[in-house]
Structures are given as C-alpha cells and as structure tokens.
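What follows is one structure encoded as structure tokens, with my remarks underneath.
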Amino acid sequence: MKKISNNIFFIMLITGSLITISSNSWLGAWMGLEINLLSFIPLMNEGKKNLMTSESSLKYFLTQAFASSILLFAIILMMLFFNNNWLINNNFNDLLILSTLLLKSGAAPFHFWFPGVMEGLNWINSLILMTWQKIAPLMLISYNMNYNFFLISIILSMIIGALGGLNQTSLRKLMAFSSINHLGWMLMAMMNNELLWFTYFLLYSILSMSIILMFNNFKLFHFNQIFNFSMMNPIIKFFMFLNLLSLGGLPPFLGFLPKWLVIQNMIELNQIFLLFIAVCLTLITLYYYLRMSYSIYMLNYNKNSWMLMNSYNNKNMNLILTLNFISIMGLMMITLIYMIL
C-alpha cells in the first residue's frame, strides 16, 4: 500500500514540474510549483522516520511555502501593473519574482535551507532534490532575468558552493554545496544561451546519479565511513575515484564537457572576469572531491585475503557501473563519434 502511495506522489511530483514548464501564464506556473511541493513532502518522510527527516521536511515546506506566497504576491502585483497601469516599479517586481525562484532552486544568497534539508534525507530523495526539483524554478528563471542581480547570484553561488564544502564531514552536505556551485555554472550558462544551461543540467544529473546511487548502495553518509571502505572491490573504489573527478569537471571525463561548453561560450562573449572567478572556485570544489578520494585510497588502507561479494554483486550494481562508465568514458566516446562523422 505504501509503495502505491509513493508511486502516486512521485507521478504527481513529475506532473507538477511539467505543468510549470508547459504553462503559458505565471499563475499556472505557480500552481505547478505548489503541486510539486505538496507531492515531495510525503516522499521525504518515507522509509526510516527520525528527527532529522521530520526537521528536513518541515524546513523544506516552510521555505518553499514562503517563496510561493511571495511569488503569488509578485504575480498579483504584475497583473495589477498591467491592467491598471499603477505606478509600481516593474524592475522591482521582476526582482521579487527572480528572488523567489532563486530561493526555490537553492541558489545563493538564498541557499541557507539547502544543506540542512539535504542532511535529513536519504540518498534517493537527495538526488531528486538536487536534480528534478531544480528544473521548474530554473525554467522560470530563464524567462525572467535581471542581469545585475543575476551576476551577484552567480558569483555568490560559486563562492558559497566552493568554500562551504571545505570543512564538511557529511557527504550529503558536501554534495549540497557541490550542487550550489554547479547551480552557479548553470545560471552563468543561462545568462547567454537557453540550450546551454539545459545541456549542463542534463549532464550534471547523469554524474550526480552515478555517484549518489553508489553512495546509496554502500550506505555511505559520512567521511569516517569512507575510511573503512577497505572491504570493497578495488575496481569499484577506482570507479568512485574517477566519478568524483568527473563531477569536479576534470578532463578527459564527461563532467568536463558542460564546463568546456560554458567556457567556450563565455570566451566568445568576452566575459573573461566572470569566467576567471568560476574556474578558480571550481578548483576549490575539485580539492574537496580529491580529499574524499584520498581518504578512500590512502588512509586506514588494508586489504583482505578474501572478498565479500554480497556488497557489490546485486541488481543495482549493473546500473551503477553503466552510469559510471558513461561518466568516465562519455567525453572520449563523444569525441570519437564526432571524429568519425
């Protein structure tokens, strides 16, 4: 029974986002966001119920409901402005809408709720929050851009995403700060090119899925659990290491491709200063991915005389290894196909 209700809520979650994306009015987009929010709350509370899960779902609900109420207020103001030609500054209204959408997507300077909510969720819900839940707000942001405020949000997202993850021992919080940093890159791509940010988002979702499913399969939530990872097959360890490098955007892995496209686009538009900040701060995120990989390989390493097969010989592992292969070899395969054609 519980599985059926979860499936219904999941379908509603997808439907809510699709309503927002396909809506031709702001009010319709707002309704889609509300359906999406109200169907994600029960999914957050599924499985093991503890204090952190309840706290996370309450935090998520309060911040999203607050953002939705301000968004509705801004939409009503906009309608009044167009119908009665009131003396309301239209730039202020655009700024209000943009702020609420950035709050919904978890971009800086409205990121405060995101790491706290991630900490209380299981890995699958964390994956939904990092990927699917960002589609609708980002799509609406692309319709309504205020250049100066957008620039501030991009730079702050990159700074907070890079520096916030440095002192973390929780893998979920680390992935949350990583997501904030990637969101900065997506916003930067969106500023100039509609297709570019969606390409970045799609590839980021594949990379996040490959690494989060691996964390979920081995029930890893904190750094000290990675230290005791010596029971694991060295090949899977190596895959995890390369996956982290790919998520950090290191060539020649797939994670470098979206960053490469954005860098190319920014150079063509002569936005060198913003690009310089983005690349420097991405190096910091790469440092904390390397720190995680370093702990897998170097610290407390001992090898058993036998291998425990049950930890990696299951159905999920085939999907995880396929995603890992795409994440690691994707860019080389795309380059090879491009050269052949």
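Heads up, the Cβ atoms here are built off N, Cα and C, so glycines get one too.
Features reported for this protein in TrEMBL:
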- 23-285: domain 'NADH:quinone oxidoreductase/Mrp antiporter transmembrane' (DOMAIN)
- 286-338: domain 'NADH dehydrogenase subunit 2 C-terminal' (DOMAIN)
- 7-27: transmembrane segment (TRANSMEM)
- 61-83: transmembrane segment (TRANSMEM)
- 95-114: transmembrane segment (TRANSMEM)
- 147-167: transmembrane segment (TRANSMEM)
- 174-191: transmembrane segment (TRANSMEM)
- 197-218: transmembrane segment (TRANSMEM)
- 238-257: transmembrane segment (TRANSMEM)
- 269-290: transmembrane segment (TRANSMEM)
- 319-340: transmembrane segment (TRANSMEM)
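Of the Cβ pairs linking the transmembrane segment (238-257) with the transmembrane segment (319-340) and spaced 6 or more residues apart, 3 or more are under 8 Å, so the two regions touch. Taking pairs at least six residues apart, the transmembrane segment (197-218) and the transmembrane segment (319-340) share three or more Cβ pairs below 8 Å and count as touching. Below 8 angstroms of C-beta separation, residues 151, 154-155, 158-159, 161-163, 165-166, 168, 174, 177-178, 181, 184-185, 188, 192, 244-245, 247-250, 259, 262-263 of the same chain, each at least six residues beyond the ends of the transmembrane segment (269-290), sit close to that stretch. Across the domain 'NADH dehydrogenase subunit 2 C-terminal' (286-338), the model assigns an average pLDDT of 74.
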